[in-house]
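Asker: What TrEMBL lists as FMN binding site is B:Thr110, B:His160, B:Tyr164, B:Ser235. Residues or ranges marked as compositional bias 'Basic and acidic residues' in TrEMBL: B:336-348. Residues annotated as domain 'Luciferase-like' in TrEMBL: B:39-409. According to TrEMBL, the region 'Disordered' annotation covers B:330-361.
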Amino acid sequence: MSSRPLVLAVDLDGSGAHPAAWRAGSDAPDAVLDPAVLRRRVLAAENGGFTLVTLDDALTTTQATVSSGAVAARLDGVVRAAFVSQLTTRVGLAPRVDPRGAEPFHLAAQLASLDIASLGRAGWVVGDADQPGLADAIDRVVPELPADRELEVADVVRTVRRLWDSWEDDAVIKDVATGRYVDRDRIHDVAVTTPTFAVAGASITPRPPQGHVVVIAPDTVLDPATADVSLVGGADVAEVVERAVAARGAGAPRVLADVEVLLDADTSCAARLAALDADAEWTPTDALRFVGSPFGLLLLAEQLAEAVDGIRLHPAVVGTDLPVLTRFVLPRLFATRIARAPRLAQTLRGALDLPRPENVFTQEEAA
Amino acid sequence: MSASARPPDRDHPITRPTATVHLGVFFQGVNHHTVWSDPRSGSQTDFSSFRRLAETAERGLFDAFFLGEGLRLRETNGALHDLDVVGRPDAITQLSALAAVTSRIGLVATQNTTYNDPADLARRLASLDVLSGGRAAWNVVTTDNAWTGANFRRGGYLDHADRYVRAAEFVRAARAIWDSFADDAIATTTREPSWSRPGAITPVAFSGATVSTHVTPTVPRSPQGHPVIFQAGDSPAGRTFAAEHADVIFSSHGSDLDDALAFARDVRRRVAAAGRPRDDVKILPGTSFVLGDTEAEARELATWLVREQISGATALSILSHIWGEDLSQLDPDGPLPDHDPAPRELSRTRGTGAAQGDPAGLARRLRSHAEELGLSIREAVIATDRRPAFVGTPSSVADRLVRFVRTGAVDGFNVSPWLVPDGLDEVVDRLVPELQERAAYPTEYVGTTLREHLGLRSSRDVHGARDAIQRTVVGA
C-alpha cells in the first residue's frame with residue numbers, strides 16, 4: 001500500500017482517447033495541429049494541478065488509420081513537449097517515443113535538451129506499439145519477434161541512460177587559468193554494443209538537470225526494475241491492482257495506473273458514449289476504462305490509491321473531459337489529500353519523490 | 001558617408017540600388033571564436049542564453065536564428081578537445097522551445113542527412129514548421145566518416161563520393177513527405193464523413209540509390225508550405241547541390257568583395273544551369289561584427305578579440321592538429337617546430353575545426369608568415385586564422401554591408417556573436433539603425449513566415465518549376 005498521496009497525469013495527445021473525439025468537442029477538426037490549442041490544453045492541465053502531461057506519438061501512421069475516418073495527423077511528440085516547456089512552469093512533460101524507430105544517440109540528446117529547456121521537467125514514455133510499416137518507413141531491419149523487441153527496447157533505454165551519464169554533472173569547468181572549458185576526464189565514451197546497434201562516444205548534450213529524464217514505461221514493455229515509473233492497466237480494478245503489486249514486486253520505483261475516462265458533462269456520460277460510439281468503435285486498450293460521474297471517478301481513485309502511486313488519465317474527449325476533470329475531480333482529490341499537486345520549481349523527479357540517479361561512470365570509477 | 005554618395009566604382013557597379021540587407025544569427029556553439037572565458041560570458045547550455053539571443057535578434061528584425069550541429073565531440077590527436085565550448089542542445093528540440101517565446105524570427109536547424117532517416121527528420125522539421133507558424137528551416141549538412149558513424153545504427157556506411165547523392169535523395173524524399181497532404185485534406189467541420197478526405201493524403205514511396213522510404217506522412221503543410229532549405233558546403237559538389245535544392249546558401253565568401261562577387265557569379269551560373277531563376281538562391285555568408293566608436297577603437301577591439309579567441313593553449317592545439325603530434329609542451333610565444341608534419345589528410349570532423357586540408361601546406365604558410373614578420377607560434381596562428389569579420393564604426397560597417405548587397409555579391413549575412421548571450425546587443429542597437437537610415441533594412445517584419453522574410457517564392461512554385469524541368473529533360 002502506498003502512503004503518499006497520488007500524483008495525477010493526463011495524456012493530451014490529439015483530440016482524445018476515443019477515435020470519434022475530433023467530432024465531439026467545440027474545436028475544429030484541425031485543432032490537433034494548432035499551437036494555440038496545445039498551449040491552452042497544457043496550461044489548463046497545469047493550472048488544474050496535474051503533475052505530468054504525456055503526449056502520445058508514433059513515427060508512422062498506417063493506411064488503416066487514414067481510411068478509418070480517425071485523425072490522421074499528429075506532430076512529433078518531442079517537438080510538442082519542447083514547445084510547451086516555455087509556456088508552463090511546474091507540470092512535467094513526457095513525450096512518447098518508441099525505441100525501435102529511434103536513433104539512440106539523437107533521442108538521448110533530444111530528451112536531455114527537453115529537460116534543460118524545461119528546467120528538469122522532462123519524462124520519456126517508452127512505448128512499443130505494433131507499427132506494421134515501420135521497417136519500410138525507416139529502411140532498416142526492425143526487430144519483430146517478441147523476445148527481440150523486448151531486448152531492443154531494453155538496450156535503447158540502457159544506452160540512452162548511459163548517454164545521459166556520459167557527462168558528469170560538473171564536466172564544464174570554465175577554467176580560465178588553463179584555458180579549459182571542460183575537464184575531459186569527466187566526459188566518458190559510452191561504448192555500447194548490442195545485437196542491433198552500437199554507440200561509441202559521449203553525448204553531444206551535457207547531463208540533463210534531473211540526471212536522467214524520468215523513464216516511464218508500461219509493465220508490458222519494459223522490466224519495471226529498469227523504469228522509473230511503470231504504467232499498469234487492466235480490464236478491471238482487480239487486475240490493475242494485481243499488476244501494480246507485481247510491478248512493485250519486480251522493483252518498480254513508482255507505479256501509475258492507466259485509466260481512460262469519459263465523464264458526465266453537459267450531457268450524461270451514457271449519452272455521450274452512445275453518440276461517440278455511433279460514429280466509431282472505441283476498441284478496448286490496455287488501460288482501465290471508466291465511464292461515469294466525477295464522483296464515481298473519485299471513488300475509483302480512492303480504490304486505486306491503495307495500490308498505485310498515481311493515475312494517468314486518458315480523457316475520451318480532451319475538450320470536454322479535461323475541463324470536467326480540472327473543475328470537479330482534481331479539486332476534490334486535493335482537498336481530501338488523496339492526490340497532490342506539484343509545487344513550483346519542483347523537478348518531475350521531485351514531484352514523483354524519485355531520487356536523482358547516480359552517474360554510472362562515477363560509480364564505475366569508485367568501484 | 002552613405003552608400004549612394006560613394007564615387008562610382010567600375011569594378012563593383014551597383015546593380016541592385018534598392019536591395020536590403022538580410023541578417024541571421026548563427027549560434028555556432030562549438031569553436032574557438034566564442035569567448036567563453038570573458039567575465040561577461042553566460043552559460044552556453046542554459047535555455048535562457050539561447051532565449052536572450054533569439055529575442056535580441058527578433059527585436060533587431062533578423063530573418064533567422066540558426067543552430068549548428070555536431071554528432072560526435074571533437075578530438076585532437078585522440079583526446080577530447082577541451083579548450084572550446086563543448087556540448088550543445090539538440091537543434092530541433094531547442095528551436096521548438098524557442099518557437100514558443102518568439103513570434104516572427106525564422107528557426108534554422110542544422111541536421112545531417114547521413115545519420116538521419118527522412119521519415120523521422122522530415123517529420124520533426126515539419127512539426128517545428130507547423131508549431132512555429134511557418135518559420136522553420138533546415139540547414140542540410142553531410143558527414144561521411146566512420147568515426148562519426150560509430151555513434152549511429154548504420155555506422156560508417158557511406159562513401160565520401162556518395163554523401164551528396166544521399167543528401168539530394170534525402171531532400172527529395174523530405175519534400176515528398178512535406179507535400180503529402182493536399183491543402184484541403186482536413187475536414188473543415190465536425191460533420192464531414194471523415195477527418196481527412198479520402199485520397200487527400202498521398203503515401204510516399206521513394207526509392208533511390210541511398211534513400212528508401214515508404215511512409216504515410218502525419219504532418220500537413222505549414223503556412224510557408226514547408227521548411228526553407230539552407231546549405232553550407234563550399235565544395236563543387238556542395239555548390240551544385242545548393243543550386244539544385246537550396247533556398248539559401250550559407251557561404252564563407254563574405255569578407256572580400258571581389259571574392260564574394262566571384263562566388264555569387266559561380267552560384268548564379270549553377271542555379272541557372274539547374275533551370276531556376278538566377279536569384280532563386282539567397283546568398284548569406286557567415287561573418288562577425290567588431291564595432292567601435294571610432295575606426296581605431298574598433299581595430300583595437302579586434303586585436304584584443306583575436307588574442308582572446310586564440311590563447312596560447314589554443315594556438316598549440318591548432319599546431320598539434322596540423323603536425324599530428326602533441327605539441328602542447330612547446331612555448332606558444334616561441335618559434336614554430338623545426339621539423340615538418342608527417343604527410344596525411346586533415347579532417348575537420350575529428351579535429352579542432354580550425355585547420356583543414358594539407359598539413360604540409362598549412363605548415364609552410366605558418367612558417368613563411370613567421371619568418372617574414374618574426375612571429376611566435378601564437379602570433380603566426382593568429383595571422384593565419386582568417387575569419388570573415390567587419391571591423392569599424394556602425395556607420396562604416398553599414399556602408400560596407402550595403403555595398404556588398406547592392407553590388408549583388410550577397411543578399412545578407414549570418415552573424416556569429418563572439419559573446420553569449422549579449423553579443424548581438426550592439427549589432428541590434430547600433431548597426432541596424434544605421435542600415436535603416438540607409439533604407440537598406442526593414443523597419444518591421446512584413447510577413448510572418450521565414451519564406452516571406454527572405455523574399456523566397458512559395459515552396460510550391462519552386463517545386464513546380466523543378467518538376468517542369470524534369471519533365472522537359474525526360475521529354476527531350
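Each Cβ is built from the backbone N, Cα and C atoms, and glycine gets one as well.
In TrEMBL, annotation is done automatically, which means it is predicted and not curated.
These numbers come from a predicted model, not from an experiment.
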Asker: For B:Ser235 (FMN binding site), which of the three DSSP-derived states applies: helix, strand, or coil?
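Answerer: Its secondary structure by DSSP: coil.
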Asker: Within a 10 Å radius of its Cβ, which of these binding-site residues (B:Thr110, B:Ser235) has the fewest neighbouring Cβ atoms?
Answerer: B:Ser235
Asker: Write out which of the listed binding-site residues, namely B:Thr110, B:His160, B:Tyr164, B:Ser235, lie with a C-beta under 8 A from a C-beta of chain A, sequence order kept, or 'none'.
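Answerer: Among the binding-site residues B:Thr110, B:His160, B:Tyr164, B:Ser235, not one has a Cβ sitting under 8 Å from a Cβ of chain A.
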Asker: Provide the three-state secondary structure of B:Thr110 (FMN binding site) computed with DSSP.
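Answerer: Where B:Thr110 (FMN binding site) sits, the three-state DSSP reduction gives strand.
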Asker: Between 0 and 100, where does the mean pLDDT of the domain 'Luciferase-like' (B:39-409) sit?
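Answerer: It averages 92.
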Asker: Out of B:His160, B:Tyr164, which of the binding-site residues is least crowded by other Cβ atoms within 10 Å?
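Answerer: The binding-site residues B:His160, B:Tyr164 were compared, and B:His160 has the fewest Cβ atoms within 10 Å.
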Asker: DSSP three-state call for B:His160 (FMN binding site): helix, strand or coil?
Answerer: helix
Asker: The record names B:Thr110, B:His160, B:Tyr164, B:Ser235 as the residues that bind FMN; what is their largest Cα to Cα distance in Å?
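Answerer: Value for the max Cα separation, rounded to a whole number: 19 Å.
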